[in-house]
Amino acid sequence: METATQLTSPPPPSAFDGTLGHHLARRLVEIGVRDVFSVPGDFNLTLLDHLIGEPQLNVIGCCNELNAGYAADGYARAKGVGACVVTFTVGGLSVLNAIAGAYSENLPVICIVGGPNSNDYGTNRILHHTIGLPDFSQELRCFQTVTCFQAVVNNLEDAHELLDTAISTALKESKPVYISISCNLPAIHHPTFARDPVPFFLSPKVSNQEGLEAAVEVAAAFLNKAVKPVIVGGPKLRAPKAQKAFLEFAEASGYAIAVMPSGKGFVPEDHPHFIGTYWGAVSTGYCGEIVESADAYIFVGPIFNDYSSVGYSLLVKKEKAIMVQPNRVTIGNGPSLGWVFMADFLTALSKKVKTNKAAMENYQRIFVPPGIALTREKGEPLRVNVLFKHIQAMLSGDSAVIAETGDSWFNCQKLRLPANCGYEFQMQYGSIGWSVGATLGYAQAATNKRVIACIGDGSFQVTAQDISTMIRCEQKTIIFLINNGGYTIEVEIHDGPYNVIKNWDYTRFVEAINNGQGKCWTAKVRTEDDLTEAIAAATGPQKDSLCFIEVFVHKDDTSKELLEWGSRVAAANGRPPNPQ
């Protein structure tokens, strides 16, 4: 009996219980965070002690703050929320770029900064890690434009409220938040932290019923009189969690289904009515023609920027379009109704829309399957389209694709994703190097998937160090490093000597980082036979290792879509000033 009592009794209270640091650690666990990405600095060390002291929290040290932020971004994509911890100003301004990217992609990332001692606020003291002025607000002011809430915790009396308000706001708004915590506060006991945090109850957003009914009535009339309507999914499907409602509408309507490039991964590509990526002049074959010839289209969660519109060249007319945003619906040139939420609207519209398969039938009439692959000579240098043919064959519901900014955008866009195959890239912000940290974070969260990352050599050089952290975390990612000698995407927009980079021996670089201490396997690939052997090893005897495959391709071997897109974006960038 004594043994049984010992097994069922609660653990002894920790010295951390009842402290600010313990509350923050428990709150992160409560919202679903199990891994926090960090770089230590003297202002956050005590806080890190408390995070490490939480048994359900794993603190992962990264090589730099930028990658810690990118890792939190990737983690949030897989898990729904991510967190990083850095030090004051030198760490905060370093992670800022990653937080801006998370803001652009509507990701709830909790960015925590170890701040100055609370006694130093309001004094004329100059501290290290600052620009030499007795003003500690520089970091805060930088974060104000790229986070939806900022909390400066330098007083225990309101610390509990500030922490919980910040974290709940990140979840409600699906945007990053900034929390600065004075370095002398995490270990102090305070009555407000006497018990474990109560789970958040985030009130569901409920549409204005009158507005919802009006939007559905007008939209249904608009669509039901159309001859060949289509539906196009966009990147803002993620934040309102509207993928299920999107599919419900697609099933009810029978419309042909396309996806905007930045929405790839949010729309099921195994659906019988899926016709591909709508990206204007660089759309999937026959998809652009079907969308642009439709007499009505419903765009769900779109973002029309210069990249997604191929230099503002889409042939989409406002009067034919219904634009469904997370909390607003606009029908043609007519009514625009606010406080109508995306999932509510799609579900209600599903019940009013008439089935219309005309666009899908048109697509089936004009569609011609891809041609027969070109023959190759023995020992012929590997071509990019051959590489991605083999990557396509690797995909399953147990895999996820991370596509780096560059030509991988276009090549990965052509992959047909099986059911439940993950897909992530950063199109709105387009920060080169994002994928290394994001792969680290995504793989740490999505332990049920094997991540396949496609990264160009130029982007890899920006953030390469955190391959080290992937090895330390025993991740089993497959990385295809595409070595073509430079910034290929920028070459196609505007070429110059600045787009050529110093070549590295990438596999030996990764081997040096591994230093014989982890499970890491590398290969160099120059031909299709080399590639076949490397993939067989990575998915066979090396399946439990981090696999780094360096693929050599010609510097001018790009997708035809990049050639077209690059010339149009260059034209948009090069427009002369309007006459004054």
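Using N, Cα and C of the backbone, Cβ positions are placed for all residues, glycine too.
Annotated features, as they stand in TrEMBL:
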| type | residues | note |
| --- | --- | --- |
| DOMAIN | 19-124 | domain 'Thiamine pyrophosphate enzyme N-terminal TPP-binding' |
| DOMAIN | 217-333 | domain 'Thiamine pyrophosphate enzyme central' |
| DOMAIN | 426-551 | domain 'Thiamine pyrophosphate enzyme TPP-binding' |
| BINDING | D457, N484, G486 | Mg(2+) binding site |
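Long-range neighbours of G486 (Mg(2+) binding site) (same chain, six or more residues apart, CB within less than 8 Å of its CB): D457, G458, N499, V500, I501, K555. The predicted model assigns the domain 'Thiamine pyrophosphate enzyme TPP-binding' (426-551) a mean pLDDT of 93.
A sphere of 10 angstroms centred on the C-beta of D457 (Mg(2+) binding site) encloses 24 other C-beta atoms. Sorting each residue of the domain 'Thiamine pyrophosphate enzyme TPP-binding' (426-551) by its DSSP state yields 58 helix, 28 strand, 40 coil. Around the Cβ of N484 (Mg(2+) binding site), the number of neighbouring Cβ atoms within 10 Å comes to 22. Sorting each residue of the domain 'Thiamine pyrophosphate enzyme N-terminal TPP-binding' (19-124) by its DSSP state yields 50 helix, 22 strand, 34 coil. Compute the center of the Cβ atoms of D457, N484, G486, which mark the site for Mg(2+); besides them, the chain residues with Cβ within 8 Å of that center are G456, G458, I482, N483, G485, Y487, T488, I501, K555.
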